[in-house]
Amino acid sequence: MQKRKTVLDIQRMKAEGEKIAMLTAYDYPFARLMDLEGIDMVLVGDSVGPVVAGYDHTLPVTMDEMIYHCRAVARGLGQAFLVADMPFLSYQVDLREARLNAGRLVKEGCAQAVKLEGGEPVAEVIRTLVDMDIPVVGHIGLTPQSIHRMGGYKVQGKHDQQARQLMRDARAVQEAGAFAVVLEGIPAGLAGQITEALDIPTIGIGAGVDCDGQVLVIHDILGLCEKYSPRFVKRYADVASIIRQGVKEYIGDVKQGVFPGPEHSFS
């Protein structure tokens, strides 16, 4: 039985040049399957809102929802490192709220670390959580909780001023004590520069190949989100078609009186 990965294992992977593979999970079955295949890190993302609950974006997701999904995922993991997103309004109000909510994700949700969005403006929050021994993953670039300010899901850091600010954000997150940082929706060249400049691992999503690791939404790589697929997603399977075909055959069997057959019935 493999032991659960720790912060030290993730940092060692960067030091040794081993790429870090990370995926989202929102329930026990998916978590168990990806853990069996050796995924390094699992993120219970607030992306559960649009991906699982059908929300338009991540902003409506609550702490209670995050804890519920985090607990389910934790039960499916044996060796992967578990990170939980801090949802909107769970850390922006004040430091006391941030400490309480991060603590709940660890205590009730069984997370090993929390992730929060922002650079320089959230450095104090990161420092506060690290001081209470909660590992933190930063998240800069395209931050989904900021979509109203950004005007949607737009690539960040394309202009010199933006790029310089993102470098400052990355350094601020590291100096505040984060052990890793997600770089989302930024030019590949800039992501490479940030990765080179930091001692902590960078996890890219739409940020090119030079990051220390990659993260994607499990439903995206399996083709379960049929309406929209971001450019940075590679689809590894078409599970939606398999599900629809299975449902179609089941409906047909029920309508025709073929199911349940004798082998599915008790005597």
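Residue numbering: from 1, along the chain as shown.
Including glycine, each Cβ sits where the backbone N, Cα and C put it.
Listed in Swiss-Prot:
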- E184: active site, proton acceptor (ACT_SITE)
- D46, D85, E117: Mg(2+) binding site (BINDING)
- D46, S47, D85, K115: 3-methyl-2-oxobutanoate binding site (BINDING)
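Shown here: features listed in Swiss-Prot, placed on the structure.
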residue: D46; record: Mg(2+) binding site; DSSP (3 states): coil
residue: D85; record: Mg(2+) binding site; DSSP (3 states): strand
residue: K115; record: 3-methyl-2-oxobutanoate binding site; DSSP (3 states): strand
residue: E184; record: active site, proton acceptor; DSSP (3 states): strand
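Of all the binding-site residues listed (D46, D85, E117), E117 has the fewest other CB atoms within 10 A of its CB. Within 10 Å (C-alpha to C-alpha) of D85 (Mg(2+) binding site) lie the following recorded positions from S47, K115, E184: S47, K115. Figure note: comparing Cβ neighbours within 10 Å for the recorded positions S47, K115, E184, the maximum is reached by K115.
Each of T24, L43, V44, G45, V48, T58, V61, M66, A84, M86, P87, P144 belongs to the same chain as D46, S47, D85, K115, is absent from that list, and has a C-beta within 8 angstroms of the C-beta centroid marking the 3-methyl-2-oxobutanoate site. Distance noted between the C-alpha atoms of E117 (Mg(2+) binding site) and S47 (3-methyl-2-oxobutanoate binding site) is 13 Å.
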